[in-house]
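Inspection log for the structure reproduced underneath, given as structure tokens.
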């Protein structure tokens with residue numbers, strides 16, 4: 001179990017450091033900023049690369065909502081759920097701390113929202129709580145459907161990380177303007193701890209919606225996808 005938890009810790013660290021790091025450092029860099037598209041690709045690439053790197057050790061969840069969904073789908077033991085979630089959240093917090101230390105090393109830096117997730121006045125596009133709740137549930141559900149489908153025994157081995165990474169990229173392309181894209185409670189928690197205030201007050205949604213969506217995606221998959 002120790003190796004699995006370390007794999008989840010480092011995998012989630014890489015997801016937050018690479019994905020949120022691209023948003024903090026490179027998204028709006030003067031003249032050469034990577035924008036929403038670059039950030040979306042960064043998140044997708046972090047999952048793709050770490051799924052290949054450590055997925056064989058832990059399963060490559062890197063996300064409490066994924067762990068919940070896999071548990072509901074019967075692909076993951078419930079007894080391992082809490083340790084996995086703790087490892088994922090710890091990895092996200094350490095990554096956010098590293099990003100904070102690096103970012104504050106620049107004189108006059110304005111951290112803004114520090115890649116936190118939000119709704120209402122803290123949504124990049126000013127979207128409401130209901131909009132944020134729905135999009136996070138729907139996108140996390142489809143993320144789980146992609147994960148469960150691409151890792152099914154009837155699918156050729158070795159291609160799942162590509163499908164999963166591309167799915168996460170698409171998810172970000174859709175929802176960055178709405179919530180800054182969570183679909184991952186650990187990712188949201190790490191950034192919110194360093195923003196404080198409103199980010200912590202709104203954090204509940206980015207636990208509730210992805211977990212509901214993850215469980216819903218697993219149920220939907222079980223209704224039709226597990227049938228041969």
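From the backbone N, Cα and C atoms, a Cβ is placed for every residue, glycine too.
Keep in mind the model is a prediction, meaning the values are calculated, not measured.
For the transmembrane segment (9-29), the list of distant contacts is 35-36, 38-39, 42-43, 45-47, 49-51, 53-54, 58, 60-63, 87-92, 94-96, 98-99, 102-103, 111, 114-115, 180, 184, 186-187, 190-191: same-chain residues at least six beyond its ends, Cβ to Cβ under 8 Å. What Swiss-Prot lists as transmembrane segment is 9-29 (among others), and the listing cites sequence analysis.
Following the DSSP three-state reduction, the secondary structure of residue 20 (site 'Involved in tetramerization or stability of the tetramer') is helix. Positions annotated as site 'Involved in tetramerization or stability of the tetramer' by Swiss-Prot, on the basis of sequence analysis: 20.
Here the transmembrane segment (34-54) has long-range neighbours at 7, 10-11, 14-15, 17-19, 21-23, 26-28, 60, 62, 160-162, 164-173, 176-177, 181, meaning same-chain residues at least 6 beyond its ends whose C-beta is under 8 angstroms from one of its own. Residues or ranges marked as transmembrane segment in Swiss-Prot: 34-54 (among others).
Under DSSP, residue 43 (site 'Selectivity filter') is assigned to a helix (H, G or I) in the three-state scheme. Among the features that Swiss-Prot reports, site 'Selectivity filter' is placed at 43 (among others).
Beyond its flanks by at least six residues, the transmembrane segment (82-102) meets 1, 4-6, 8-17, 20-21, 24-25, 58, 61-64, 67, 76, 111, 114-115, 185-187, 189-191, 193-194 of its own chain at Cβ-Cβ distances under 8 Å. Per Swiss-Prot, transmembrane segment is recorded for 82-102 (among others).
Here Swiss-Prot flags 129-149 (among others) as transmembrane segment. With a threshold of 8 Å between CB atoms, the same-chain residues lying at least 6 positions outside the transmembrane segment (129-149) that come near it are 65-66, 69-70, 73, 75, 118-120, 123, 155, 160, 163-164, 167-168, 171, 174-175, 178-179, 181-183, 205-206, 208-214, 216-218, 220-221, 225.
Under 8 Å from some Cβ of the transmembrane segment (158-178) lie the Cβ atoms of residues 36-37, 39-41, 43-45, 47-49, 51-52, 55, 60, 119, 123-125, 127, 131-132, 135-136, 139, 142-143, 146-147, 149-151, all in the same chain and six or more residues away from its ends. Here Swiss-Prot flags 158-178 (among others) as transmembrane segment, drawing on sequence analysis.
Within 10 Å of the Cβ of residue 172 (site 'Selectivity filter') there are 23 other Cβ atoms, across all protein chains. The feature site 'Selectivity filter' is assigned by Swiss-Prot to 172 (among others), with sequence analysis given as support.
The site 'Selectivity filter' feature in Swiss-Prot is assigned to 181 (among others). DSSP assigns residue 181 (site 'Selectivity filter') to coil, not to a helix or a strand.
Sequence annotations record features per position, and here Swiss-Prot assigns site 'Selectivity filter' to 187 (among others) based on sequence analysis. In the three-state DSSP scheme, residue 187 (site 'Selectivity filter') is classed as helix. A 10 Å cutoff on Cβ-Cβ distances gives residue 187 (site 'Selectivity filter') a total of 32 other Cβ atoms nearby, all chains included.
The transmembrane segment annotation in Swiss-Prot covers 204-224 (among others).
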Integer Å distance between the CA atoms belonging to residue 43 (site 'Selectivity filter') and residue 187 (site 'Selectivity filter'): 11
Spatial neighbour of residue 172 (site 'Selectivity filter') that is closest, considering only the recorded sites 20, 43, 181 and their CA atoms: 181
Rounded Cα-Cα span from residue 43 (site 'Selectivity filter') to residue 20 (site 'Involved in tetramerization or stability of the tetramer'), Å: 8
Per DSSP, three-state class assigned to residue 172 (site 'Selectivity filter'): helix
